[in-house]
Every structure is written in structure tokens, then in C-alpha cells.
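Down below is the structure, laid out as C-alpha cells.
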Amino acid sequence: MYSGAAAAAGPPRRDFISVTLGPEEAVGVGGYNNSKAWRRRSCWRKWKQLSRLQRSVILFLFAFLAVCGVISYTSMGEAWKSITNKSLDEQRTEQEIPGLKLANPAVLPAPQKADANRGDNPELSLQKPPKPPHVRRGPSNLQIRAPRRDMRLKTQHDTIRAVEELVEADKVEKTEKSIISWRGAVIEPDQSTEPPSSKIKEPEKPSPMEAEDQKEPVPINERQLAVIEAFRHAWKGYKDFAWGHDELKPLSKSYSEWFGLGLTLIDALDTMWIFGLKEEFEEARKWVANDLIFDKNVDVNLFESTIRILGGLLSTYHLSGDSLFLEKAKDIGNRLMPAFKTPSKIPYSDVNIGRGTAHPPRWTSDSTVAEVTSIQLEFRELSRLTGDEKFQKAVDGVMKHVHTLSGKNDGLVPMFINTNSGQFTHLGVYTLGARADSYYEYLLKQWIQGGKKENELLEDYMRAIEGVKKHLLQRSQPKKLTFVGELAHGHFSAKMDHLVCFLPGTLALGAHNGLAADHMKLAEALIETCYQMYAQVETGLSPEIVHFNLHAQKGHKDVEIKPADRHNLLRPETVESLFYMYRFTGDKKYQDWGWEILQNFNRYTRVPTGGYTSINNVQNPSNPEPRDKMESFFLGETLKYMFLLFSDDIDLINLDKYIFNTEAHPLPIWVPA
């Protein structure tokens, strides 16, 4: 270094500093060269230069952020796990049910366990629930909500339950009941209906509906509430005086047995589910689980036990998803199979479900045509669920055989068929009433159930309807009511069973599924006639059989009733057709007609201590002569169709997804992949 003063004083002088670089300094260990080692030492020096307070604050902030991170990770992990389970469930469904495309089902709440929270909800809630996001339409008391994908059903002896909601949903709906899926299927024309694959080893499980496909709930109206009240009154009588037995005798406060299998209870299972009667359903389920035993030495009628017991169990399985009902259905289905061990493969009418034997009635070797051709929906569905083809093979063989038989009259069939020869007997008598009615109904419904590809069924149905038009249709006087009579050896009879009133609904169902438009016109004419069978009678209730006047007579109505025919058994056929007609037309008059019928049932058949009774005389309002018997179909069919008739929710048992068997038990329409 130097300065101006020093320069003036003498020669310049220079000072030097000598620095020696050793090996370590040469590579930058002692100086800054941006290496990681140098940066670590520099950060540590800076950290040591901080005060103790500053370091404590920084450590606290780091700890707080770490805790927040752990909490966030846990919450997101649960949501991610649920999303992953969605795709896993879909893959399992596809693997378990190859060849079938499951429908988008509705969602219903699972009934509460009998011993769980019974005091929290002792009665059915009739108030409209809070509106949840993405819901499907249905009665308000059913509290239909968007489902989760990660649902699992417990074993057959467990109560129906579902897993908890997602974390976000739990915060909002901690008190909501668990839900299970209500499975259905969508009809798709032009799909094959091959027999179910024997590779299916496990029963199908309900698959939840996509939230975006669900709709707003439809509240229960006053008329539906009246139906629920009627059901509860009938159920009270059954529970108090006939629990576990076939039928209630409400006047004598006792019961009657037919098969000893709790027919009324099984017939009413799906009705209670649809009505949302959770407590009653759970009580009935316990009886099925603990007391319904088929291993007993008793003869049962193949047709009646199929449509009521097998049909009721299958329907309840589909609506509830509880595998208990499927296991019971498989049991009774297997026990009914000996009926098909005949020379002609036309089944016997009676089966001993304990011994595994079958036989025709004692007085004949004939079976009725309606009985052997109206068990197909149930056995076919049992094959589809179990993967065992024997059930469908047996009943399809009956239909194929009947298809080829001679003795028909423009598609109309006789009433009897011989189990040995496989031929029609008692030729020349044709009716759509008892012993033949549901043959025509099941032709159409099997065609719909199977995806509209079994052309023989459709051909037989269309030919039969043309036969009805040609041979059995007439008009009465004075109101010119269109009715369906009977033909006996070429002679027309103006006799019409109340059972024939299934026909308007069946015709409307066919028209809805693309058949001739004039079928709907005929349905409209016939349902007017069925209503008049009530309206022209003193009690407003139809007799079992009526005769129509073909010629105008002064002082005479269209409807004439003979003393032997004036009883009423609480039958459902007219209400059934009213339901179909309202569902397809939206005409409110059909609801009003049904309301009149319900009021008259309450007025003339209701028993104060519980239950309803059939009556002997519909023409005597002051003394209708009660018969002291409540048929199981009053709960299984009549009240169920009433409730559906009064509903404005087309998705409450959607008729594009479900087909009703002849006992009003809904089964899913098949949709092959």
C-alpha cells in the first residue's frame, strides 16, 4: 500500500502479503466454492447464530406443519381408498356375473335390526326426509339416498347392513340409517336369452346406482298413507292371531293352514319393503330365518307354492339384497323339482317337499294349463341367480311342448293337460278365467323378462289375443260394455270371472312394450267393464263371477249376479289393471276408481280387532255375510297394487326394469351383455 506523502518523501515502498495454498485449500475445503459440504457448514453457522427464542419458534412451526400434514394424509387416504373400492367392486361384479349387464337399481334403506335402536324409531316416519344430493325418486318414508360403492352384504343369517358413509358424508349424516341397494335390470330389445351359464357360482349382488341417474324423491300422498294404514291393520290381526301360519281368520281370531309355511307372511315381505315398514319387515325376516323350514312331510301345490313362496322370496332378495331369501328360494326350488318327473315332463300338481315325491290330484291325472304354464318366471329367475340350468330347462320344456300341441282354437287353449300323454284334455272349452288365465299373462311376461327374443312366446300371445277378439269378445246392454266371455263347444257364454280383469293390465303392458296399438284401446274398454263390475253392485265390490246382459231389458243393468257367485275374496285383478293403466296413461280416473274400491273394502270387509275378511254377499250392504278368511294375496297383491296405483313415481318398481309375477312379486327384466 502507499500514499501521496510517502511518495514525496522518497522512493516508493511496497508491502506484500504472502499466502500459501495447501492441498485442502486448493480443492476449496477452506473457502466458498458452492459445494454441498460448504453449504451445510454455512447453514449450521447461521443456525447457531440465531437466538434460542428464534430457534424455538422455527422448530414449533415445523412441528405444526408436520401434524397438519399427517391429518390431511389420513383424510385423503380414506377418500382414496373408497374411490379405489369403487372400481374393485365393478370388476368383481363383472367377474361374478359373466354375460349379464346389471341394471341401475334403486336404493332403499335397510331395515333396522330388531335389537338395535328400536326405541329411536318405533313407528314409520311419514314425514318427508331432508333432501339429500343425488337421490332417486321413491316414497319419502323410504329415505332413498345416493349409495356408496363399497357396500358388502353379510351372510344369510345376519341382519341387512351396509358400511359407513365417506368421511365428508359422515360429518353431515351421522344419524342416517344404513342403506343397501335395490337391484333391477333394464329391458333391451334384440338381445339373446340364452340359458344362464353354469359357470356362475355365486348369486348376484345388488349393484348401486350411479348418483347422476337418480332423481328427486316423491313424497307419499294421503291415499298411499291410507293403504299403509290398511296394511298395518291387516298385519295386526295376522300377528296377533295367526303369526307364522298360512292365513288369518279374523272373526274367530284364529288361523287356517294350507301348506303350513306362513303363506301370508312370505307373500307380504316385499310389500312391507316397498311400503317402508322396517320394523314389521325385520320381525318377518327373523321368522323366515329361524322358523321357515321346508323339510316337512307336507303336500304343496306346485303352482301356488311357486308364485307365492318362491316368487316372494326371490322378489324380496332382489329388493333387499339379503342372501337369506335367496338361500330359502333355492331350498324350496329344489324341493319342487320332483313335480317334473312325469312321462311327458308336464309337471304334477302336487309335491311332497319333505319326501321328494310328486303326484296328480286324487281324482285325475290332469294338471290345469294355467298352473303348469305360470311357474316359468320364477324358475327361470332362480336359474339365472344360481347358475343351475335345471330349473329353467324344466319350465322352458313345458312351454315348448305346449307350443306344439294341437287342440287350440286360434291361440286359445283348453283348461286341462294330461301329465302322462302330455296332450290337452276336455277339449272345446275356452276361457280366460280360472284354470287358463295366467297362461296368457305369462306368455307376454316371459317374452319381456327374457329380452324380447323368444319369438315362440310372442307368437302364441299375439295369436291368443286375436282368438279372444274373434271368439270371446262381446258387448253388453244397455251400456255396451266390452267383456270377455267363454266358449264351450261352440256355444258362447256371457260369463266373466273377476280373474279375467288381469287382461286390461296385460294388454297395456304389451302395448307399452311395442305391440299393436289396438291392444291399448281394448285395454281401456275392458278396464271400464271391470270397474263397472264394482260400481253396479250394491256394496261397490265385485262378485267372483258376473253374467252380462246381451239384450236390453227394462230395469236391468249390464251386470247380473247369480247367488252362487256373489262372494268377494279381496281379489287384486282389477286394482292390478288400474295400476298398469294409470302408469301408462296418467289418467287420474284410474286412481279415483281404485280409491273407491279401497273405501268399500274398509267399509264392508274390515274387522275391528285386526284384519280384513272375504264376504259372501256383495249385494247386501247391511249384511255382507263375512266368511272369516283373509287370503294371503290381499297383503301380497291387492294392497301392493293399491299403493303403486296411488303413487306418481314411475320409478317405484319401474315397469321397464321389473316384471310382476302373477302374485305381484316383482322380478328383474334380464339384460344380457
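Glycine is no exception: its Cβ is also placed from the backbone N, Cα and C atoms.
Just so you know, TrEMBL annotations never went through curation; they're auto-generated.
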| TrEMBL pairs C530 with one of C68, C501 in a disulfide bond, so which one is it? | C501
| At the level of the C-alpha atoms, what whole-angstrom distance separates T662 (Ca(2+) binding site) and E544 (active site, proton donor)? | 18
| Residue pair E304 (active site, proton donor), E544 (active site, proton donor) - Cα distance, angstrom, rounded | 19
| request: Report, in whole Å, the straight Cα-to-Cα distance of E544 (active site, proton donor) from C501 (disulfide bond). | output: 11
| query | 10 Å Cβ neighbour count around C530 (disulfide bond)? | reply | 28
